[in-house]
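Annotated in TrEMBL:
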ACT_SITE  Asp145  active site, charge relay system
ACT_SITE  His200  active site, charge relay system
ACT_SITE  Ser522  active site, charge relay system
DOMAIN    35-113  domain 'Inhibitor I9'
DOMAIN    137-575  domain 'Peptidase S8/S53'
DOMAIN    630-731  domain 'Subtilisin-like protease fibronectin type-III'
SIGNAL    1-25  signal peptide
Amino acid sequence: MGKLRAPSSCLLSCLLVLFLSSVSAVTDDPQDRQVYIVYMGSLPSRADYTPMSDHMSILQEVTGESSNEGRLVRSYKRSFNGFAARLTASELERVSEMEGVVSVFPNKMLQLHTTQSWDFMGLKQGKGTKRNPTVESDTIIGVIDTGITPESESFSDKGFGPPPAKWKGVCSGGENFTCNNKLIGARDYTSEGARDTEGHGTHTASTAAGNAVADTSFFGIGNGTARGGVPASRIAAYKVCTPTGCSSEALLSAFDDAIADGVDLLTISIGGKKASMFESDPVAIGAFHAMAKGILTVTAAGNSGPQDSTTSAVAPWMLTVAASTTDRSFVTKVVLGNNKTLVGKSVNAFDMKGKKYSLVYGKSAASSACSAETAELCKPECLKQSLVKGKILVCSSPGGLKVVKSVGAIAIIYKSPKPDVAFVHPLPASGLPEKEFESLVSYIESENSPQAAILKTEAIFNRTSPLIGSFSSRGPNTIAVDILKPDITAPGVEILAAYSPDGEPSEYDTRHVKYAVLSGTSMACPHVAGVASYVKTFYPKWSPSMIQSAIMTTAWPVNATGTGIASTEFAYGSGHVDPIASLNPGLVYELNKADHIAFLCGMNYTSNILKIISGETVTCPEEKEYQTRNLNYPSMSAKLSGSNNSFTVTFNRTVTNVGAPKSTYNSKVVPGHGSKLSVNVTPSVLSFKTVNEKQSFMVTVTGKDLDSELPSSANLIWSDGKHNVRSPIVVYTDAN
């Protein structure tokens, strides 16, 4: 990515003018109608207000039609206000100018962003882990995803009592879909039924809250007990995705229902390829209203790493999760004819029984339609089937996976752009890192009859610190530049969890399985959702911000792959989630709805707009007196303009004592990345007399000559001898 873009200081009206000017030339042909979301903030408190009638009235006024059949797509009426409708360009302009409308934005298709991972994090099965089973059984996790597989053992209700009395949802999963006392609710927004036909939603739900299921594996790979973080909790599934994507209007409907249904926490592994302004980001909108009702939303950072500025979930009222490794990884070895062994990555369940097959490099099998250089990549139509059939195809990119079966190859070896991740493939395969691949090419070019065997995948264990997945999206935050994102990292590489038998474990795969191995921030997100639910079972009255703070300030320090921004806090935020430590944070940074409204004032949202969003009277300062970096967030971040001058930055924070009644915390600053920072904490000692007592402090950061390619950082640690409450401090410049 290039330079970071500063947050727009343009007000909402300015944004609408810019957007509308770009579509003003479009005609009002009915064929040009597109689905737009009309966001109207909080539901009015008037007893006589009926959202659906209001939405229909607005549509009639805008369209001039007495009947709006085929126009209204969704009506948001349970937890916040708004609707989705098919509108022309001029109708879009008219509705955007109406009183009570916060924003209007196009419906977009968003993307979908274990046997070992919970043990790795210290949350062990059985008596080895402290549990609060009664409260855990009353905890409901809402999963917004591709649906769920109700028959999976991971969602069996054996041993479960009836759903919690607070549950207000329904089981509306469609034909041949039955809920139970574990899977207590399901809703479908795709017209396909809530059954998961892809596997993604089943995988994420079981990772967060699946039952413990012994002897699970992917064709013998990764054998063990698959389970979620809070296996005694209940699950409600909200299907918003189909194979073509996840629509914004459906996603907002899921939030609208889930909040009103009574879920305690939401996990959503869905997002765009880049961050959007909050008023046009359906996840940010839904999560804001969830936060206002005491529900934490855990989101995936995205899979566009290691490029910087790619994290898509950036609002401070969401807990954003990056993906990292565990102490187990899957490798697939390639044994050459000269008995040299190359180590690659894949989840290869096919047993070639050690038999060696002839190797053919793509460029050596080029068809007349392509050059040797193009054939080297194994692009479609570039290979002669007669030269490839029955052999192991070698390609300098994973593109060969699209054609390997059609040209009759028995297996494939390719140069992997993501050599830290093992993927499932529909035939024997191994993805080699660059040096190993070059060694393979040298062998092929030096031998008259090069041969190799691809071995079945094996699991290897190591004790090194977790590494951030190369695919995991990085910061900095492109919308709220003084909020560090992502917030935390969790296991998201090679995760084994429940899967849909109706789905396929990989593209072009015809196998069907009940458990599969997947990688992505989609897999990391439900791990943190499980941890957040775990914390909530011990502290049911804690607010979303208290749970988020407990998770962030007790995280392990980690390392990141790559160089520059990709290897800093912009990759992992506060560090790696630690479930056990998060139960006893000592101090927490609290935030409420009013704090977030003040933050939005600092982002230049107007009082009128914020009144509609919040449903309350809001008075923003005339001048920009509120600095967004002073939001009482568990991490501290500041973007500066220019890198050559000396600077001074201050952060104001308040902590709440949730540990021992009488306690004294001393501050300590540990250096991090980049240029040296001078950090002064005032006061440097905090003394508490009671639980829930609050103490404020100010952090002053000074420095000069910031590295334009690397953020500078430090860590503030408050310690009472038992607790170490750690907050990263990150300062960076426009040049980053």
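The backbone N, Cα and C atoms fix where each Cβ goes, and this holds for glycine too.
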Report task. Find, for the listed active-site residues Asp145, His200, Ser522, the residue with the lowest Cβ contact count at a 10 Å cut-off, counting only other Cβ atoms. Result -> His200
Requested in this report: Grab the pLDDT values for the domain 'Subtilisin-like protease fibronectin type-III' (630-731) and give me their mean, rounded.
Outcome: 94
Report task. With DSSP as the reference, give the number of residues of the domain 'Inhibitor I9' (35-113) in helix, strand and coil. Result -> 21 helix, 24 strand, 34 coil
Query raised in the report: Where Asp145 (active site, charge relay system) and Ser522 (active site, charge relay system) are concerned, what is their Cα separation in Å, rounded?
Result: 10
Report summary line: Secondary structure of the domain 'Subtilisin-like protease fibronectin type-III' (630-731) by DSSP, residue by residue, totals 1 helix, 60 strand, 41 coil
Query raised in the report: Rounded to a whole number, how many Å is the Cα of His200 (active site, charge relay system) away from the Cα of Ser522 (active site, charge relay system)?
Result: 8
